[in-house]
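For reference, the structure discussed in these notes is given below.
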């Protein structure tokens, strides 16, 4: 099916907003904000400077929106085929590819300028690397080249808490890299569960997702294995004394539930297990990071 790009309709501000994938950007900014808060020295000095809070997240959000707009351009043919995405602005021809690319460039330049002016160069360059990793490496190449696209390209999507942390400290350390590792390990079981649910759509669009190339049974096994890896990685903040007992208990409970869903999916023991595993994975990551944050601001010396 050819992409519908020959319709002549005036794009609206809503079309350009949709190009940025605002829901995804909001989720990224939540993890960026959590990274900023975790980088502070709570509870005595646990506040983020307002300039970094506002302009740091603004710059990161603008660059994330730029990467999303490039994704719309590159994936416009695929989007026109899949039921979930066929009404996107480029798939329906409401915005031209050249207009979307110009919009993406404008967002990227504005985001980089804001980050350089109000945070630090390391944050700006790491954000640019994340943008290029998602827009060029993942969207432009990996997505169509290998069923391991999500694993390799997941680093770009895992970057926001690192960016938020570095915006505060100005340097890299083990703690934000561990936050990246948690999201990196979470991404495959999260996305592969959705891919199983939408396997036929990905096959129709000729995207080599793991369930399409290797089958559902193989994919379910890898979801289970990655969930085990995630469970172990999620305990590392406690091991390195980044967090305390409150986080540990939450990580154990949340991880056990994730493993329960991954096992149910592998054994085919529950109806609609794939989409339910996908939905729980979102709840899992949100609550895990909330637990990190709550633990960070609690006077844990009274609890241990």
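Note that Cβ sites are derived from N, Cα and C of the backbone, with glycine treated the same way.
Copied over from Swiss-Prot:
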TRANSMEM  24-44  transmembrane segment
TRANSMEM  47-67  transmembrane segment
TRANSMEM  99-119  transmembrane segment
TRANSMEM  122-142  transmembrane segment
TRANSMEM  150-170  transmembrane segment
TRANSMEM  176-196  transmembrane segment
TRANSMEM  228-248  transmembrane segment
TRANSMEM  280-300  transmembrane segment
**Study point:** Tertiary contacts of the transmembrane segment (176-196) (same chain, 6+ residues out, Cβ under 8 Å)
**Key:** 31, 35, 38-39, 150-151, 154-155, 157-159, 161-162, 165-166, 202, 209-212, 216, 219-220, 222-224, 226-227, 229-230, 233-234, 236-237, 240, 242, 258, 262, 265, 274-275, 277-278, 281-282, 284-285, 288
**Study point:** Tertiary contacts of the transmembrane segment (99-119) (same chain, 6+ residues out, Cβ under 8 Å)
**Key:** 11, 16, 19-20, 51-52, 55-56, 58-63, 65-67, 69-70, 72-73, 89-90, 127-128, 131, 135, 167
**Study point:** Among the ranges 122-142, 150-170, 228-248, the one whose Cβ pairs under 8 Å to the transmembrane segment (47-67) are most numerous
**Key:** 122-142
Practice item. Check the transmembrane segment (150-170) against each of 24-44, 228-248, 280-300 and return whichever range has the most CB pairs under 8 Å. Key: 24-44
Practice item. Using a Cβ-Cβ cut-off of under 8 Å, list the residues of the same chain that are 6+ residues beyond the ends of the transmembrane segment (122-142) and lie near it. Key: 56, 59-60, 63-64, 66-67, 70-71, 74-75, 104, 108, 111-112, 115-116, 148-149, 152-153, 155-157, 159-160, 162-163, 166-167, 170-172
Check your understanding: For the transmembrane segment (228-248) and the transmembrane segment (280-300), does the number of C-beta pairs under 8 Å, pairs 6 or more apart in sequence, reach 3 or more?
Key -> yes
Review point. Same chain, outside the transmembrane segment (280-300) by at least 6, Cβ under 8 Å from its Cβ: which residues?
Key: 30-31, 34, 37-38, 42-43, 46, 161, 182-183, 186, 189-190, 193, 234, 237, 243-247, 250-251, 254-255, 257-258, 261
